[in-house]
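Asker: Got a structure here, written out as structure tokens. Questions coming.
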Amino acid sequence: MNEMYLLNVEGVKKKILHGGRGELLQFKDGSKLTFHFQTLKDDFERTVIDDSRQAGIPMEIIVGKLFKIEVWETLLTSMRIGEVAEFWCDAIHTGMYALVSKGMRRIAEGKDPLEGQKHRCGMGNMFDYHSTGYADLDELQRVPQPLIFIMELFKVDDPSSYKRDTWAMNKEEKLSAVPVLHSEGNRLVLLKRYQEAAAKYQEAVICLRNVQAKEKPWAEDWLSLEKLIMPLVLNYCQCQLELGEYYEVLEHTTDLLQKDNGNHPGENVKAYFKRAKAHAAIWNEKEAREDFLRVAQLDPSLGAAVKKELRLLGERMREKHVEERQRYQGCSSTTAAEQNLGEGVGPGAENSRILQDEC
């Protein structure tokens, strides 16, 4: 049971420490494997580098999704549920371990694992950064070396038995998820649960953007996907308006208008209207008026709605100006009174100076 034997992979040896249950599974693409692991140096002391049990967080990988340490999928799919095994892996398989370990440690510390990274592949990030922030991982990054992994596989989920994260879906699954997410977002809006609705719309946009990223920009398929994205972004912006996130609305609507360039007039109207509302909310009167007038120009049937919004904008700006004048006048009166007090003007000035002296 404890004999070391070779897997059908160069530079990998396996030793079973505790036998698992049942037959060896046929792992489908998309299966989620949950396991604990311990990483050790291949030295006399077998120095422990990481231990997921001490961190209190089990590890998960999705079969077929090219985990950064690709050999881990090979190791885990050689195991039965409940099995504990020790694997020796040559340095050709461990070059990415420092980056993966850094992310896992940051998660265990309650930090963002991607903070400070550029949106690049792991190998690109290795060239970009000289330090992981952990001395032992920096050593592994400088000098890749054989490592020992002790793994316990304790759960395997079939692809259909759990809600898959967007990154773990294939193209067809992402496209199928979009209408479901859109519908769920609409339901949450009716319940005025805007934060949750925004998250649904955002997830749908991410699905489509991931698919779109594999298409040639501005080609027919790319444009078809952009047409599906626009109403989802606008729904997301409506939620952000309700939540008071006006600058985010300005960012997304402006991006839509710049990309669309008049190709979808109906969506343009909505984008201009939402951007006008955001401008009005943060006192950008000139920009708000321009966008509202643009809405009326693009869709004359909205003339009455635009007229109402312009009236409300005018009233709010007048109220703001009155408040500012009153505030200015109050400050001026206070300043004048302080000057009079300092100069001893008016009845009781002498008493005031005495009181000031006492203070």
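The backbone N, Cα and C atoms fix where each Cβ goes, and this holds for glycine too.
Pasting the feature list from TrEMBL:
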type     : residues : note
DOMAIN   : 22-155   : domain 'AIP/AIPL N-terminal FKBP-type PPIase'
REGION   : 324-359  : region 'Disordered'
COMPBIAS : 329-338  : compositional bias 'Polar residues'
Asker: Could you give the number of helix, strand and coil residues in the domain 'AIP/AIPL N-terminal FKBP-type PPIase' (22-155) as assigned by DSSP?
Answerer: 41 helix, 34 strand, 59 coil
Asker: Within the domain 'AIP/AIPL N-terminal FKBP-type PPIase' (22-155) only, compute the mean pLDDT.
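Answerer: PLDDT averaged over the stretch: 84.
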